[in-house]
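Trainee: Dumping the structure here so I can ask a few things about it.
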Ligand SMILES: *[C@@H]1O[C@H](CO)[C@@H](O)[C@H](O)[C@H]1NC(C)=O
């Protein structure tokens, strides 16, 4: 009886929130803040070619540190990665890093695609810019600009395998992409802000300006993790710039969607879920899993500089902190494996490339500050995440993503979802884990978007 009454109360409040949304939000105009330390003078608009070139001094220092590491507490018997990274496996990785990982080879691979640096709003921003080459002489083949944004604890390393797929003709598609893949401010070779306030909406302004600097008036955008939040903000704040938004982490986290997720646990068909129940529910499983996996989030959102200092103190600490995420976020089942399932989807070289980006740029502290900026009350008060997204949207839902939401709930925020794909395999690091599946989904989404706009123009 009590349960029924509670459900009725919940349902009615859900309906009220759904049908009587709070008054229309105005799209705020964010200031073009200068985030750098030099406040005077006009910033240079120069676009400088860039190559990763880590000084020998930095590499020698790393070699020394890896050779003089401490002995870490052995993991408890039979716990695999359930207490965090297994130091037993960590030692394997650190040995490999010291003895077999060849940076000059890896650096050459990372330098294979053209990179640049340009100053946007006082910050040097690093990006890959790859134009398709050797295209067949097909007059109907269009080249479309696509901005790719990574997240934490990732980097542009995640895009190395998908870049060649997106810049070459794809079966049955009459377009290819020109890729712009930047490092987020404060990540890798992009400088971090020197004063507070650089959250995802402010990064959206930075990347709108980067695309403008490169001469793109309108473009496609794609992202996962923070990249998904930043691209969503770009679509909400600058819809006139964005032809289409493709996301591998579509999300809407308002009170109303939370309520509906709860209701959906008991009445899945009310939120349009008639199959694939376990992708979204029960909410209790999703909730407890989030609690278990989000401790890092709380500390980074509240004390980013403390955790950043601890983790940047040694390559071992940095690798432990970052690699644990690449295990669990690929699949939570990996926690039960002694090797964390790390090499199921990645090579140790690839994983260490990403750790190297954080190490050589010493950017873990500036990277984790994004959590604090995006979750403080001043930023929440802007209510950017409540703005509707009215551009054509494609959501790729990977089965091992930490949080997946039904299309019906996402539609309360993304009003033009033209593609919602339940992907067959893969987790949080879609481009890194399943580049071909992701590329295919992006091509299909862009094809639909192009056809829609052609139909509108006709
Ligand atoms: C690392 O790779 C470079 C380039 O392939 C090669 O010249 C060098 O000998 C390698 N270093 C080691 C220690 O294997």
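Every residue, even glycine, has its Cβ placed from backbone N, Cα and C.
Automatic, uncurated: that is what TrEMBL annotation is.
Fair warning: this is a prediction, and the values are worked out from it, not measured in the lab.
What TrEMBL shows for this protein is this:
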- 1-25: signal peptide (SIGNAL)
- 47-159: domain 'Epoxide hydrolase N-terminal' (DOMAIN)
- 225: active site, nucleophile (ACT_SITE)
- 371: active site, proton donor (ACT_SITE)
- 428: active site, proton acceptor (ACT_SITE)
Trainee: Have a look around the residue listed as 'active site, nucleophile' and count the other CB atoms within 10 A of its CB, chains all included.
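Mentor: Other Cβ atoms found within 10 Å: 24.
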Trainee: Taking all residues of the domain 'Epoxide hydrolase N-terminal' (47-159) together, what is their mean pLDDT?
Mentor: 96
Trainee: For residue 428 (active site, proton acceptor), what residues in its own chain, 6 or more apart in sequence, show a Cβ-Cβ distance under 8 Å?
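Mentor: Same-chain residues close to residue 428 (active site, proton acceptor) (Cβ under 8 Å, separated by 6 or more) are 224, 225, 249, 329, 330, 398, 400, 401, 402.
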Trainee: Which number gives the other C-beta atoms within 10 angstroms of the C-beta of residue 371 (active site, proton donor), all protein chains shown included?
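Mentor: Excluding its own Cβ, residue 371 (active site, proton donor) sees 21 Cβ atoms within 10 Å.
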Trainee: Write out how many residues of the domain 'Epoxide hydrolase N-terminal' (47-159) are helix, how many strand and how many coil, based on DSSP.
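Mentor: Each residue of the domain 'Epoxide hydrolase N-terminal' (47-159) counted once, the result is 37 helix, 28 strand, 48 coil.
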